[in-house]
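As given in Swiss-Prot:
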BINDING   C443, C449, C488, C492  [4Fe-4S] cluster binding site
BINDING   C492  siroheme binding site
Amino acid sequence: MTDSTKQKGLEWQKQGLSDNERLKAESNFLRGTILDDLEDGLTGGFKGDNFQMIRFHGMYEQDDRDIRAERADEKLEARKFMLLRCRLPGGIIKPAQWIEIDKFARDNNYYQSIRLTNRQTFQYHGVPKTKLQEMHRLLHKLGLDSIATASDMNRNVLCSSNPVESELHQEAYEWAKKISEHLLPRTNGYLDVWIAGKKVQSSDSFLGQEDEPILGKTYLPRKYKTAVVLPPLNDVDMYGNDMNFVGIQDEAGKLVGFNVLVGGGLSFEHGNTKTYPNVALELGYIPVEQTLKAAECIVTTQRDFGNRADRKNARLRYTLQNMTLDGFREEVERRMGFKFESIRPFEFTERGDRIGWVKGIDDKWHLTCFIESGRITDKPGKPLMTGMLELAKVHTGDFRITANQNIIIANVAEEDKQRIEDIAREYGLIGNISKLRENSMSCVSFPTCPLAMAESERALPEFIDELDNIMAKHDVADDYIVTRITGCPNGCGRAMLAEIGLVGKAIGRYNLHLGGDRPGTRIPRMYKENITLPEILAELDGLIGRWAKERNSNEGFGDFVIRAGIIKPVVNAVVDFWDANLIPTVTA
């Protein structure tokens, strides 16, 4: 580590550490006093540090905000429950596992639903505290867990859900699993709390033998997201992750290495110009056999240099700002013991899922079902949850959750194809969906998310209905615009990589961002601030009308609004996300 690198990367050490750092240091390797709270029947939630500690075990405490005020008027505690997010690198799950997951959701979940996430896994909303150990023990029995799917760890690792290139996808999937396992915490805290139910005291001698060689005793400074992706399909929204491995093939189609890109992230804070979303930047190329070494050294560099004083500036993109990309690369190379090679050529052309049937190179069929906002539940006329259960009872392949919140019924034999399609159609898993809707996304937001400022999942269907009408009005109904709504600027709906991105500001009001692109390589800029959905639709009516008439051949909406001068592109978000007048001058 050079003196210049140290100086550029560690200025935050002059400030006091955030309280989360104390919490982690005193947690007995993430055990806390969670078991004591589980025995407390006076509250449906967790107290003190445990409110944060359960996040390391893949859970968040929430409540039903629709009835919060009503319960307060009645002098009742908010209806508290937990969100649990499963660890499922690459998103592959077996039908037998799904059957048990479905049963738990029906029997123990306030909302009787399963939510597919754009982190390529499933989560439960509305699990009462009294059912948490039962839930974790079920996952354990199924060979699953929820370790490190939240808080200051490497989250669920994404992987391209490419059902056509089966052999290459399998290789990429195996690497996603290896990366996930390699970067997991080594503590037995999760098993002690949730499976064994064993209380551990800080004085217990064996704690002195526990070690976290990669993550460290206080783990990472902030959340950390990783993806493995196979061009040309950017279905994992690679540019929004902290660490990305872009698969490179040789002439024979064999996976030979990865381009590594780092520092993507989509969260920011309204009005706080020290925060910004940004796309991942190119670090270099590595041969495939060096993948785990590179992943570890990138993570440990972030562990040691990431800001532990200000959590709003703790993600890897801010570390790059402090160290510079070259300084960060230098430190990673020092730890690896070898240098990155030059980036290999690659290109992304799209990122949506191939809805419907596709045939793989192994002659197996794969059915991708569109699930709006990833919500699998039974509604009148659309019993998706029962449909998935019926498919799980007969399907002999596997299910693949996609990073677009959809699900693939994968590895269907020719002779089983019609039966699978009949079930999917009967229960509404196949239907006539517009291209616009296929390329839409939302976060959960109300009523369960404590950070929600505006509706998202519940607003999306009607908003897309109205936008579909506008598309039809201008004779572009067969085309699409990547459209996303997120209920706050935390970024879960990935609106900061959309062509049209809505970011919740207050109840019924949003900031409208425009200018992302179809492959997902550009941050959209704010076009209008704090406006209502009807006002947004009126703005988009005029803009889509212009796009329909003035666009070049195959020009996406996001590219058009920039070329037409309607909005300026975000060139370097560190500098110009908040002020287009600061766009760096690009020289040829």
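Every residue, even glycine, has its Cβ placed from backbone N, Cα and C.
Predicted, not measured: the structure shown is a model, and the values here were computed from it.
Shown are the binding-site residues C443, C488; the one with the most C-beta atoms within 10 angstroms of its own C-beta is C443.
Same-chain residues with CB within 8 A of the center of the C443, C449, C488, C492 CB atoms, the [4Fe-4S] cluster site residues themselves not counted, are V444, S445, L451, A452, S456, T486, G487, N490, G491, G493, G504. Other Cβ atoms within 10 Å of the Cβ of C492 ([4Fe-4S] cluster binding site) number 23 in total over all chains.
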